[in-house]
Amino acid sequence: MAYQRVLLKLSGEALMGDQGYGIDPAIVSAIAKDVAEVVAKGTQLAIVVGGGNIFRGLKGSAAGMERATADYVGMLATVMNAITLQDGLERAGVPTRVQSAIAMQEVAEPYIRRKAMRHLEKGRVVIFGAGCGNPFFTTDTTAALRAAEINAHVVLKATKVDGVYDKDPVRFPDAVRYEHLTFQDVLANELGVMDATAIALCKDNTIPIVVFDLFGSGNISRAVAGEPIGTRITSAA
């Protein structure tokens, strides 16, 4: 495998499938199956999951909520997703721990870096919930932060599209997909694949990012193996 320790970023929207809201059990089962295959090959895997399928802080803020309050509600949504994903993984035979940046000891461990790394070394998947515990930071930034903290070799951003495009491929059929970008390309052109804070964190810590389509069968395994898939973002051109 190309990467020994991986941080997988899953959007909350990915978990809802075509439902428009909530969690699609079939999607959770499919993700669990792919993750089980990766872990069985010896890869150490941590996951950061978003909460946009349940609540998105920015939308709440736009609707009149105080931004910090809306972000905290969004963090709680990520914990709901994390626990659901943990259940799916354990039904697939993958030992899993959820660590929350907001204390809720009845359902999750507190986030402790050394403990998370020990879980990974023992072959357990660690799911990080509640973002980084602070408002005004996205779960993409959390993914970059946790990747740096656990010494991950790559951030795999699993999305609904098969990479980064020069414009929205849903709206523009002539959109062109990039196979490779530098961090500076993403920042300078405001490509929007991740927020600038997340990109800067990965850039500063020399952690490559691979953006790929979550829904292609076996794509998580392919991304972990370093196969050419989606768009790769690195320091060098």
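In case you wondered, yes, glycine gets a Cβ from its N, Cα and C as well.
Remember, predicted model here, so these are calculated numbers, not experimental data.
As recorded in Swiss-Prot:
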BINDING   Lys9, Leu10, Ser11, Gly12, Gly52, Arg56, Thr159, Tyr165, Asp168  ATP binding site
REGION    17-22  region 'Involved in allosteric activation by GTP'
BINDING   Gly51, Asp71, Cys132, Gly133, Asn134, Pro135, Phe136, Phe137, Thr138, Thr139  UMP binding site
(Q) Let's see if you can do this one: DSSP helix, strand and coil counts over the region 'Involved in allosteric activation by GTP' (17-22), in that order. (A) 0 helix, 0 strand, 6 coil
Q. Counting other Cβ atoms within 10 Å of each Cβ, which of the binding-site residues Ser11, Asn134, Thr138, Thr159 scores lowest?
A. Asn134
Q) Cα-Cα separation of Lys9 (ATP binding site) and Cys132 (UMP binding site), in Å? A) 14
Q: Tally every other Cβ atom lying within 10 Å of the Cβ atom of Gly51 (UMP binding site).
A: 26
Q) On a count of neighbouring CB atoms within 10 A, which of the binding-site residues Lys9, Gly52, Cys132, Phe136, Asp168 is highest? A) Lys9
Q. At the level of the C-alpha atoms, what whole-angstrom distance separates Thr159 (ATP binding site) and Phe136 (UMP binding site)?
A. 22
